[in-house]
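Please read the structure below before turning to the comments.
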Amino acid sequence: MPVEPILLVHGGAGNITDARCPGKFNGMKQALRVGIKHLIPTDGVSEGSALDAVEAAVAVMECDGNFNAGYGACLNLESKVEVEASIMEGSELKAGCVTLLHDIMHPISVARCVMQNTKHTFLGGDAAQKFALEHGFEQLPEDSLITEDARLALQEFKELQAKGLDTTFARTELDVKQDTGEQEPGTVGAVAIDCNGNIAAATSTGGITGKVSGRIGDTPLLGCGTYADNLQGGVSTTGHGETIMRFNLAQKIMAKIRYEGKTAQIATEEACKEMTERLTGTGGAITIDAHGRIGIHWTSRRMGWAYTKSGEIFYGIDHGKQFQEQL
């Protein structure tokens, strides 16, 4: 049976300040407006592609300093950006993952290139950098992806560290005018289902502030940060990476859909709550199941999310609050 196409995105979960909400909303809506053109072509001839849609949506957010991915990514202890991403399609379970790239704006597109142009699934470090350059991706001038907010976040991290305070949940979206609470990673992601029932998911991040050089998070790991299977659904996660990795959040959601018959919403909500109850760390996820039903939940203070369906955009960042407008 034909399925109504849906594109669903997130812009990171954590202690997002009021000042950053408008930028999150604008960025996510722009990602939807670009991605939906790939999901529902207007030429009347082309078929929509869930895979093209999620890549395009994530690429928009990678260019936006309101998010922790690409431009605006967090800094490691050496004041450098190391980005990572993964993308997966649900028909043949093909996937591409990359990590420890530097000065590359769109790791999500490098991940797709790995999926489509190699026999492998995951490339990292110098090999991934070399692969990207050999396949035409631009290496930007050094430190081009660094924003002032990222510098401030690292400065605060080092000050806390010097005082011997806990930096487990380091800030990644620092707003010096507001709020002094803990921050969690502001990873970006997208999940889509096209009219043929094909599902795809994509996730991209700059990691966490003050990470050790070479640290790899949940984002490029299948079953943790990203997963897609036409028979079950697709998931992209965000939050405290070490927690999500240890809990295997994306697969936990998929298992609830497959083995327990849960809807996307119930599966996402239960898995996120179980993760935080078990491991303390918080996070969230967006899900679309094989029937085209969506799931959105987070255990952090806030998570930016938005989706488009039937020419409408629905979006929010606080529990219990939703906004709606024309696409």
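Please read every residue number as a count from 1 along the shown chain.
Backbone N, Cα and C define each Cβ position, glycine as well.
What TrEMBL says about this protein:
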- Thr187: active site, nucleophile (ACT_SITE)
- Arg215, Ile216, Gly217, Asp218, Thr238, Gly239, His240, Gly241: substrate binding site (BINDING)
Statement: Expressed in Å to no decimal places, the gap between the Cα atoms of Thr238 (substrate binding site) and the residue listed as 'active site, nucleophile' is 6
Message: Let me make sure I understand the structure: which of the binding-site residues listed (Arg215, His240) has the fewest other Cβ atoms within 10 A of its Cβ?
response: Arg215
- request: Fill in the CA-CA distance, Arg215 (substrate binding site) to Thr187 (active site, nucleophile), as an integer in Å.
  value: 15
- line: Ile216 (substrate binding site) and the residue listed as 'active site, nucleophile', compared by Cα position, are separated in whole Å by 13
- prompt: Rounded to an integer, what is the Cα-Cα distance in Å between Gly217 (substrate binding site) and Thr187 (active site, nucleophile)?
  reply: 11
Neighbour count (Cβ, 10 Å) for Thr238 (substrate binding site): 33
